[in-house]
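K.L.:
The structure that follows is given in the form of structure tokens.
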Amino acid sequence: MKWEVIWSRVALGLAVSAPALELVHAFRSPRWTSERKNAMRERTRDLWNHGFRAYMDNAFPMDELQPLACRGRGPDWFDPSAIQYNDVLANCSVTLVDNIDTFVIMNNRSGFQEAVRNVIHHVSFDVDTKPQVFETTIRVLGGLLSAHIFSSEESYGFAIPDYKSELLTLAHDLGRRLLPAFDTPTGIPYARINLRSGVPRGESVETCSAGAGSLLLEFATLSRLTGDARFETVATRAFYGIWNRRSGIGLIGNTINIITGSWTSPHTSGIGAGIDSFFEYALKMHVLTGESQYLDVWNDAYSQIMKYSRGHDGFWYRVVEMDTGELASANVDSLSAFWPGLQVLAGDVESAIKSHMAYWNLWNRFSGIPETFNVFTRQGVNLGYPLRPGEAIRNFRNRFKLFTTIAALLPEFIESTYFLYRATRDPFYLDIGDRILGDLGRRVKVPCGLSTISNLLTNEMEDRMESFALSESLKACFISTCVTSDLIITTQYLYLLFDEANMFNADSSNFVFTTEAHMLILNSTHLRSPPRIGRILRRSSQPVCPAYVPPRVALDYKWRSATNEPMQYIEGLIGTVRERVDFEYARLLSGVSLNPEDSFGRFGFRPNGVKSLAVVSDEDMMWWNPDGWCEVPKVEEYTLEWVLSSDGSSVNEDRAPGPDKIREVPDGYMILNITGVRIQVTARIDRTGYDITRLGQHRVFTGQKVHINDPAIIALHFPSTKATAKVDLPVQSLTPDIRLVFSFVSRIPAPGSISSTDPDLLSLSNQAGLGQRAFPPGSVSPIDTEPATRNDDVVKMVVEIMASTASFGGNPALLRTSPSAPPPPDAQSQRPLLFGPESPLNGAIRVVGAAIENIDGCDDHAPDLRVYPPIPNDEGPERRSHAVSVLFVRRGGCTFVRKLFAAKEAGFAGVIVWNDVSGGPEATGADSGGLLNPTVDTREAEFAKRELNDVAIVVITKDSGVLVDAMLARAAASEDEERGRIVVVEVKVDGMVAPHGGASGPQEPGGTEPRPHVLFINGLALLNTILVF
């Protein structure tokens, strides 16, 4: 990398204090101002309008436009075997129906109303055509449902005054005509159905997993909007008909016999064509409905894909044998480019960046993504993986035809680009959108619409503009300027990419994009309340999506003057994805050459016969050269398996452990004997730790706990396994929840008006559902540090509040039960933990609110907070200011590590974080203001371990924080009124509780509750597992 060439410019940029995130990027491309984004958005709108107007002027009411012949096309009435057309074209104006909601994305109310009227007046499903169930569902049924929602809901601004649910009536009629396809022994539907007469005699009994298992979003929405439960019932049965037939290693196949339920050859699995949208609908059904069973399917499926399909470097996801996980093909297909976007939705942004880089370099090389690409030969091929599931037979016959590289304006890559930009705000993804939009304008725009490219090397065109070209690809571009499924869909995502102010970019509700980029949402009247026990068990296991940390071009440290040791990271220069150390490696995977003689120039394609292809822009060449360096990527194992033993010896697996080994308990499972039990451990997507996800034949679901109570483990005082992973006991207990007792002392306004509680605070306490105890006048709270001077003039109110602890720093629940208890690490060099049950002054610590200008506690704290006396006999100068105070701050603004370190530097004993985040009425867990466990990322882990073990950080809920904030405000006001009299809020750690309502195991002799401990694997905790001593 040419750092020596550009470092002087970087230094100059730092000197003038340019925004850090844009400094490095600014050297390469024009800055992404609002004006530039808006200009790109309008370019996307123009491209979409060009295609849609061409369809309306030359093809409507037929299904598709032939842009080269400039005429319409419907089903092939003379050749029923022409499934490349008949699977999609049902003689129902498919392009119009598939694009109605694009007018909503582009904020075109008049266009939306006109499109709705055209559908109502021209579309009927009483037609003698045999389309594919999957294609008709995602394009037509999804388009009708989305348009109905926006036509009828006032809140979105597109409601039509005289609309009488005509679109919903059409959707119900279509759904009713599709129902006979599900009348099979397995519940898995036929791939095709005649909309007038039903399933024809002799219809094929094979279908693909994506086609049969990706109907849930549309069918569930139809059922809940109409009250007709049949549609969701059959789609759910089909979904689980696929999922319940997964292989012994948890992989689903590509093609299945709908009568016998057996998988057909080839028995392969992956993330691409024929399987792709099954995973998408599992996760998005959870987002749409909030129902946890779909999240369980996604978690299981994702862990096995990460174990078997993900390549060793983490970039490509391969086709593997579904029964063994062995490599079956070296080819990846263009449809699998949706995967990075789905990983973003699931919260695994780091993995998404890597997989997206591989597809980006394919686009960079070909100015499009070949339908199939061989990762070994690094050449575009066509091995029969279809553009759409219905084209499998046609393409399979061409499996040996090389360099065909069909590119039908598929939107999957653009969709992923859009999601990554929304997650990272990295301008690199806007650059990609710019490139995509330019390539589309140069390569597919013709005078009469937008064509398909049949050969990326020669730019040979196919006379077809599929409906998704407008409804997906350009839609994403408009929101963020990117591309999706077909050109219309491609424009939709491109539009969203660049339209920062679009209402869908600011919507945090449960709306989802279907696989055809139709927007669906269910309001509260159409959602089902989960069982209460399910809410309790899952509350503590909601992963928190980690904050995106962009690449650091330069790192510096704040040094401790006394010891000359690094004390705190100072991030000097922040780059974009281009600055990642594995970016060059991703370029290599796609076969891009850096030789200037191989360059394609500005159009990005060359005639046939070219074997070495290179599209390296000038801005890339500025930073990279053939002699540069790159880092070979390393990936952490996502899923681990091993057979346990208590003494470290190799033992045979017990394939069906009984109740003498594994016993069900209310909140999960209790392991009484670990020997021979096979466990599966899966990393949490936010990389904060692992969960046991399988015990022998038992599946451990999200929210359940695993309690290990094996006497052999207790006797040895450490667990052993036959796995290579490092497994060891922590030196201290980790308790997710603790009980805090807050005490409030305020002066009664007038003699004689004594009450046992402050009425305003009591009201807040009741609203929050908190336990509170009031002490009568003259009494003293158990956590008072000094008696009041006038007891008959003081009210004492004590409130119990639950708090969650962190995976780093001191443990405020840690209490040494005996002199022989092991000391914490580096005990000689650490001060006592003041925010805990063994704190001085009877455990009482004063609570101090952060200054209003530093409300989240991320900046250095001002000296005027230093209002409480130091601990006696404590000579540490940095401890004198806030020695027995904890800081009350709000969530957000920086990492939890930064909050705690800033508080420690100011002399506080710890931090209480108020989780005042609210993700809307449908949000759950931490995003709705609930409890969460602060974690530390890999980059900060060593620093936190070294510097923060003598201070602690906890989190309280949104409702609890409202009360504490009010108590602090009332105390501050009372101090002013009483001329400096000390009116305080104090807190005491009053013991630990079972993790988020779960049982912590059986009682020990004598009736005392056992001490739970947590196991660690490779330095990360098993978060759903408790070792009971």
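Even glycines carry a Cβ here, placed using N, Cα and C.
Sharing the record's features from TrEMBL:
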type: ACT_SITE; residues: Glu135; note: active site, proton donor
type: ACT_SITE; residues: Asp276; note: active site
type: ACT_SITE; residues: Glu371; note: active site, proton donor
type: ACT_SITE; residues: Glu412; note: active site
type: BINDING; residues: Thr515; note: Ca(2+) binding site
type: DOMAIN; residues: 881-927; note: domain 'PA'
type: REGION; residues: 810-831; note: region 'Disordered'
K.L.:
Just to be sure I understand the packing, how many Cβ atoms besides its own are within 10 Å of the Cβ of the residue listed as 'Ca(2+) binding site'?
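P.N.:
Within a 10 Å radius of the Cβ of the residue listed as 'Ca(2+) binding site' lie 31 other Cβ atoms.
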K.L.:
List which of the recorded positions Glu135, Glu371, Thr515 have their Cα within 10 Å of the Cα of Glu412 (active site), in sequence order.
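P.N.:
The recorded positions passing the 10 Å Cα test are Thr515.
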K.L.:
Do you know offhand how many angstrom separate Thr515 (Ca(2+) binding site) and Glu371 (active site, proton donor) by C-alpha?
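P.N.:
Spelling it out, the Cα of Thr515 (Ca(2+) binding site) and the Cα of Glu371 (active site, proton donor) are 18 Å apart.
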K.L.:
How many Å separate the Cα atoms of Asp276 (active site) and Glu135 (active site, proton donor)?
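P.N.:
Roughly 14 Å, rounded to the nearest whole number.
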K.L.:
Given the active-site residues Glu135, Glu412, and counting only Cβ atoms in the protein chains shown, which has the most within 10 Å of its Cβ?
P.N.:
Glu412
K.L.:
Expressed to the nearest Å, what is the distance separating Glu371 (active site, proton donor) and Glu135 (active site, proton donor) at their Cα atoms?
P.N.:
19
K.L.:
Whose Cβ, among the active-site residues Asp276, Glu371, has more other Cβ atoms within 10 Å than any of the rest?
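P.N.:
That would be Glu371, with the most Cβ atoms nearby.
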